[in-house]
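Enquirer: Got a structure here, written out as structure tokens. Questions coming.
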Amino acid sequence: MENSSLTLDDFLSRFQLLRPQVNGETLNRRQAAVLIPVVRRARPGLLLTQRSARLRKHAGQVAFPGGAVDSSDASLIAAALREAQEEVAIPPESVEVIGVLPPVDSVTGFQVTPVVGIIPPNLHYHASEDEVASVFEMPLSEALRLGRYHPLDIYRRGDSHRVWLSWYEHYFVWGMTAGIIRELALQIGVRP
């Protein structure tokens, strides 16, 4: 699929037609969820954050809004929506959830479920000073271009795993965030 002229309707159609298979197994891992906020426009955008440099883990990294599931969360989707509201002031009722991607295992011991949602273009994002340094939007067609991501094999504690690296403007997009974006691209039929 050529995605340089990807419209929101194209994205929605492809996502719905090629709905991912999610098995629901948690494998006794701690659960977390992230929101993949797609901005509703003729040429949609992908909303991302840069984490605060003051955070203990993943400081300064580009990420989707999200985090660990709390006991008060009714579901993984509820956790993603709560975290998006806490981190960037996206009201949960403004998100049209269209589905989830298969969970991803993090190096920090979480099983992370990406929740795909459409958000209005006129939201006023407000970054939580404690957690988020900045909020930015990347054109979805650019984010889903697989050629922009470069593999790096990392060896840790005797195990090897592949991470993906990319730049957008002055933001370094890598690791789990880049991997989730690539998975979304593959899910809607983008080919390398």
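Each residue, glycine too, has its Cβ placed from N, Cα and C.
Annotation comment: Swiss-Prot describes Glu83, Glu87 as Mg(2+) binding site, evidence class sequence analysis. The feature domain 'Nudix hydrolase' is assigned by Swiss-Prot to 29-160, with sequence analysis given as support. What Swiss-Prot lists as motif 'Nudix box' is 67-89.
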Enquirer: Taking the Cβ of Glu87 (Mg(2+) binding site) as the reference point, list residues of the same chain whose Cβ is under 8 angstroms away and which are at least six residues distant in sequence.
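Expert: Counting only residues 6 or more apart in sequence, the Cβ neighbours of Glu87 (Mg(2+) binding site) under 8 Å are Thr49, Pro65, Gly66, Gly67, Ala127, Ser128, Glu131, Val132.
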Enquirer: For Glu83 (Mg(2+) binding site), just count the other CB atoms lying within 10 A of its CB, please.
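Expert: Within a 10 Å radius of the Cβ of Glu83 (Mg(2+) binding site) lie 26 other Cβ atoms.
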